[in-house]
C-alpha cells in the first residue's frame, strides 16, 4: 500500500509485493551447461543483469511497512530497468528457438542446454504477461498529488470521472470472471452472476488505495487478532445465552446433538473430505464401492457416476442404503448438493446441505447482493444473501414441490425434521429452516460456521469489514513480507485456535425474533460467540 505508479498509471500491486515474484524468477535460472556457445554466453550476460535487478527489487520491496512506501520509492526505477531487460530476454528467447529448430548435428549437451534455457525463458515471459494482466488496474490513471495525505488510504473522486471509472472497472472484472470461469456454462444465470460479482469487486475498495495483497494481509491480521482475543478469554466465563437456550444437562445434550449433526454436514462434502480425513484408510474403503452398482432403493441425481460420493456418505454416517430418501449431487450456480436421510438414532428426517467445494459454489458465495426474503411473522422487509437465498429456494422447491419430505414422513411420520450444513451449506440450511418453519414448526437447524451477514444487509457488513481492514493495516508496523509464522507479525501472534461454532436454532423459539434478529449469523466481532433471539450458539475447542 498504496498502489504502485509506473508507466504513467496506477497498478493493482504495491511496491512491497515484488519480493516473491522476484524470488520466483531468481529460482528459475540454472545455466550449468558444460559447452557454452555464443548463445549461452549472451544468455548468461542477460541473466546476470536480470539477477542483479531482481535482487535489488527483492531487497527494496521488503523495506518499509504496508502504509509507509517511502523506503520503497526506488521501486518504480527498478521496475523500469527490469522491463527494459525483457527486450533482450525476448530477443534471446526467439534466437534460441530458431537455433534449436536448426540445430541438427550439434552437440546434444549444447542443444539440451539451449532447449532448457528457451523453455524457461518462454515460461517466465508467459507468467509475466499473465501477471501484468492480473495486476492491471482499470482505475490506474495517475491522479493529481494532494497536499495532505488521505486518511487510511481513502481516495476522493470526481462524480462523473468516478462513475465512468467504475463502469470500466466493472467491465474489466466481468471479463476476468468470464476468462477465469471459461469452463463453466455461459447461460443467463452465469452472466447475471458475473455481472453482480464484478460490480461488487469493482466497487468494494474503489475509494481506497489498497491492492489485493493489502486486503489479504488485513484479513489475515484480523483473523490473528480474533484468535489472540479468543485465547486470552477466561475459559471459566459462561458464554451469554438467550433465555430459551439450554443450560446444564440440557446444554450437554444439545451439544451431543450438534456433534452428531456435524457428521452429516461433513458427509455432504462426499469423497474429497472423506479422503482428507482418512488419508490412509479412506482410499481402501472406497475402492471396492465406487464402481459397484447398488439396488435402486434410493434416488441419486447428478455428479456421482462412480458412486464414490455416496459411498463416502455411507461410511461417514453409518447409515444403510435404505435409510436414504433422496441424494442429489447436482451442482450449478445457486444449486448445491444435498441429501435427505432417515436418522433412526435421533428419530429425525435429516436434510444435509453441502458447503463450498466447486467453482460454481464460489460464484454462489460471491453473489453477495441483498435479496428480498419472505419471512412470515416478521414485520417490515427482510433481506438475505442473494446466492444463499436462491440456493435455499432451490432446495425448498425440491423438498416441497417434488414431494421429497412427504415421502420421508410417510415412512417415518413420528420423526422430526432436522436441517444441517457447514459454511455455504450452513447458510443455506439456515434460510431453508426459515422457509419451512410454518409447515414444520418443530424443526431444528444446526448451522456450523454460517457466513457472516447472512440475514442482514451484506453491503453494510462489508463496509464495516473494510473499515476494520484499513484500521489494522494502518496500525501494522512490520513489512508485509514478514513471514506469517513469525509470532510477532504486526504484533499479532499466529498460533491458531481451532474453534467449532455450532449455531443450534430451534424454530419453536422462532428463528427470527420480533425485530428480525437471527441466531443464524456467524459472529463477526472479536467478542465471544453469543446466540441471538431464537437460537443457541455453542463453542467447543479441539
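One-based numbering along the chain as shown.
Cβ coordinates come from backbone N, Cα and C, glycine included.
Where the annotation comes from TrEMBL, it is an automatic prediction and has not been curated.
Residue ranges 83-101, 140-158, 159-177 are listed, and TrEMBL annotates 83-101 among them as transmembrane segment. Listed ranges 39-62, 183-206; the one TrEMBL annotates as transmembrane segment is 39-62. Broken down with DSSP, the domain 'Fungal lipase-type' (351-451) shows 45 helix, 21 strand, 35 coil. Per-residue pLDDT, averaged across the domain 'Fungal lipase-type' (351-451), gives 90.
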